[in-house]
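Pulled from Swiss-Prot:
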- Asp111, Asp115: Mg(2+) 1 binding site (BINDING)
- Asp111, Asp115: Mg(2+) 2 binding site (BINDING)
Amino acid sequence: MDWLGNRVSVGNIALLAIGASMGFIAKTSTLSKPEAPNTVQQYGYCKKLSSEKRNQAAGCPYEYLVSIYGRHHFESLVKEFNPLLKQEDPVKYDLVLEIMDAVHFALILVDDISDDSYQRKNQPTAHLIYGASETANRAYLVLTGVINRALRERPVLGAELLKALEDILQGQDLSLVWRRDGLKSFQYQGDESIAAYKNMASLKTGTLFVLLGRLLNDGGNELDDLLSRFGWFAQLQNDCKNIYSAEYATNKGAVAEDLRNGELSYPIVIALNDNSTSRVMERALASHAEADVEEALQALQSKPVRDACMRALQQASVGLEKLVLLWGRREKMQAGS
């Protein structure tokens, strides 16, 4: 494995990361939003802020996002699985947390650009402040930096990080192809469609959590099953909040962005398999017309689809109660009517 000693080029990581997006977004309740001028999207509006506000802003898009979420976002999980790591190996402790932050936040930065999102945790998205070009470049710079640090300090962790990035981007690539080509590229029915969606989610989201276990265990797979299941729960939870949580929509400034973008989610797959809602969903995903999307949102919020999603979410959480509590995503979802 002599390649571990070589530096990873910025260009290669940029190519890997260009399609990545990990965040979970929502649109406004009317499924519409004002269009930002192209110049604002490209260059941001930080320069237009007052000097006082500009001086208070974080120095780069990554630090801005960290200021919203908090640094060392995975610390509670690290302490749960290895409570003595900070004391026994402080260098590894810091490296693991920096790797997890870098992957999580860098992919969110790119995701918000690709989804043209305006808000995250009730704050403007980074690319609206710093511009899309600087935001994407900073994401790649952060990833490249943490990869090179890992390869220098703990080569085994660097190898795990590179493999995880490949799997995450493979999952995201599947999702983006389905979004680009529509249902002609997702020709699955019934249980097969759910399995295909879960496979994508396992790569895109499950890998992020599996990576944490691999880093803590120096490449060991002892936590793979547990953290893969938790990754599925996290994906499912965010898919459901995207449709069913008013609180989540407020924090994101929008509702049902997956639907509007033509991106598949678990509720959408369930609705596609329901005879009473399948045609409505197919029409909305094909046309993207406002009236069709509004009708599809009503179908997603219908009792059969909502109940099926809530059952799946409850089943996915079994045995993961402590991890769910530590992860701390607590936005409420509307009860069935």
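Cβ atoms are placed via backbone N, Cα and C, with glycine included.
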Packing count at Asp115 (Mg(2+) 1 binding site) (other Cβ atoms within 10 Å of its Cβ): 21
Cβ packing number for Asp111 (Mg(2+) 1 binding site), 10 Å threshold: 21
